[in-house]
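Annotations for this protein, taken from TrEMBL, read as follows:
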- 31-61: transmembrane segment (TRANSMEM)
- 68-87: transmembrane segment (TRANSMEM)
- 99-118: transmembrane segment (TRANSMEM)
- 130-154: transmembrane segment (TRANSMEM)
- 148-371: domain 'NADH:quinone oxidoreductase/Mrp antiporter transmembrane' (DOMAIN)
- 160-180: transmembrane segment (TRANSMEM)
- 192-214: transmembrane segment (TRANSMEM)
- 220-242: transmembrane segment (TRANSMEM)
- 249-270: transmembrane segment (TRANSMEM)
- 282-303: transmembrane segment (TRANSMEM)
- 324-344: transmembrane segment (TRANSMEM)
- 350-377: transmembrane segment (TRANSMEM)
- 397-418: transmembrane segment (TRANSMEM)
Amino acid sequence: MIDPVFFIVLALAMSAPLALKVEGRYIAMAMGFIIFAFSFFVPYAAFFFVLFGVMLIAMALDHRYGALGYALGLSAVSTALAAYAYFMSIITPEYALNYAFAGLAALAIATTGIYGLLASGKERENVEGALKYLIFSAVGKTLMVMGFALALYAAPTLGWLLLSFGFIFELGLVPAHLWMVDAFSLSTPKGVAALVLFGELTPLLVLLTFFRVVGMTKPAGFALLLVALASMTYANIAALTARTFGRMLAYSSIAHMSYAVSAVALVAYFGNRAVDMPLFGIYPAFTIAATVAILEGLTSGLAKAGIFNALTVKHADIVPDRRVLSGALNVLSLLGLPPLLGFWPKLLLVLLALAYGQLGIALIVILNSAIATPYYLRVFRMLAEAKGPSADNATSVLTAALSTVLGVAVPLLLSVIIP
């Protein structure tokens, strides 16, 4: 079976020559409207298509981008494809393998677009940060392809160990985290905005798809859980000692991706069974883990996309020279302040750990949230107390609104986000 959506994505990927003749923002906006339109034809994934479409339109409005407007649009298309592949792997399990390969294609498309955006400033530092992203991402994807083939056809445990290393590289978890720090500190802010929104969500959605196609083995789950717990702790402690804006938020992203991965690894190691979640009810454990992963990706992606897309400096590591009050609200979501969006995935992760009887893991997550508070308050002050005029724009205001509205609505949206 060849899904018609694949042909549409292929057509968008082949429309690159338009970037030579059409203003970049118009290309990105057109792609945003196409993604939005998919919500009418794919109702089970409508939440994601509406969200990604609206975000792409807002980001296009805030920058001209030139020919790189196409790269921005392609990055959003890749995440929409990954979301579509994940939901279709649930709804049509007989074709799940096809959608797993579609997820790999989405990762390749995302890398192409994000690399161009990270290097868009054309300064030596911008190109250096983009190259590090490209190299580590290429290593991650190579390990994923090898691991997926092994897990599917030959040696599931070895395959999933390779897959786990692939996602560690792709998501920037410790010990493969240095590219993330350099990409944040050296690249252009609008490139980092695309990286955190589309470059983080896409691999998380692909990880969830792979889990459904060929279940993660217990040894691989244990190894990935240890890495994720160590990664979140290291990242939050390192952020306390970081002195620059971009590096603090880079370590924040590493921590958020570690929270997301730890939820999936928990289920792989302790088994997918029905768990009783206070305030939410009884759910399959993997449903809760998938919710944690997606909400962590949305929390980190939306908040940081709003923050970085509003910066007017050349490098994402430079202290903001203009106030971004909506960005300050996004920082509070990253901190996990209730009832903002960032509060819920941490709560669900703690409750999931407790449902498995893992008090120690729950305490590690809570301790990490406490450790992170000082550096988030420093970032908050940098954004709120900058002396220049307000730099709030469509993206920063929209993401702040989404962090608030989605946070309030999460208990009602669980059945919409995860089938």
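Glycine too: its Cβ is placed from the backbone N, Cα and C atoms.
Could you place the listed features in the three-dimensional structure?
For the transmembrane segment (68-87), the residues of the chain that approach it from at least six positions outside its boundaries are 5, 9, 12-13, 15-16, 18-19, 23-28, 30-32, 35, 38, 42, 44-45, 48-49, 52-53, 55-56, 59-60, 99-100, 102-103, 105-107, 109-110, 112-114, 116-117, 120, 194, 197-199, 201-202, 205-206, 208-209, 212, 419, judged by C-beta separation under 8 angstroms.
Sequence-distant neighbours of the transmembrane segment (99-118) (same chain, 6+ residues past either end, Cβ-Cβ under 8 Å): 3, 6, 9, 13, 68, 70-75, 77-79, 81-82, 84-86, 88-89, 92, 126, 129-130, 133-134, 137-138, 141, 144-145, 148, 170, 183, 187-188, 190-192, 194-195, 198-199, 202-203, 205-206, 209-210, 213.
For the transmembrane segment (130-154), the residues of the chain that approach it from at least six positions outside its boundaries are 97, 100, 104, 107-108, 111, 114-116, 118-119, 160-170, 172, 176, 178-179, 182-183, 187, 191, 195, 203, 206, 210, 213-214, 217, judged by C-beta separation under 8 angstroms.
Below 8 angstroms of C-beta separation, residues 167, 171-174, 177, 180-181, 183-185, 196, 200, 204, 207-208, 211, 215-218, 220-222, 224-225, 227-229, 231-232, 234-236, 238-239, 242, 285-286, 288-290, 292-293, 296-297, 299-300, 304, 307-308, 316, 334, 345-346, 348-349, 352-353, 356, 358, 361, 365, 368, 372, 375-376, 379 of the same chain, each at least six residues beyond the ends of the transmembrane segment (249-270), sit close to that stretch.
Residues 51, 55, 196-198, 200-201, 204-205, 207-208, 211, 252-253, 256-257, 259-261, 263-264, 266-267, 270-276, 330-331, 333-334, 341-342, 344-345, 348-349, 351-352, 355-356, 399, 402-403, 406, 410, 414, 417-418 of the same chain lie 6 or more positions beyond the ends of the transmembrane segment (282-303) yet place their CB under 8 Å from a CB of it.
If one looks beyond the transmembrane segment (324-344) by at least 6 residues along the same chain, the residues whose Cβ comes under 8 Å of a Cβ in the stretch are 252, 256, 295, 298-300, 302-304, 306-307, 310-311, 369, 372-373, 376-377, 379-380, 383-384, 386, 390-392, 396-397, 399-400, 402-404, 406-408, 410.
Counting same-chain residues at least six beyond the ends of the transmembrane segment (350-377), those with a Cβ under 8 angstroms from any Cβ of the stretch are 225, 229, 232-233, 236-237, 239-240, 242, 248, 251-252, 255, 259, 262-263, 266, 270, 275-280, 285, 288-289, 292, 331-332, 334-336.
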Give residue numbers and ranges for long-range contacts of the transmembrane segment (220-242): same chain, 6 or more residues beyond its ends, CB-CB under 8 A.
157, 160-161, 163-164, 167-168, 173-174, 177, 248, 251-252, 254-255, 257-259, 261-262, 264-269, 361, 364-365, 367-368, 371-372, 374-375
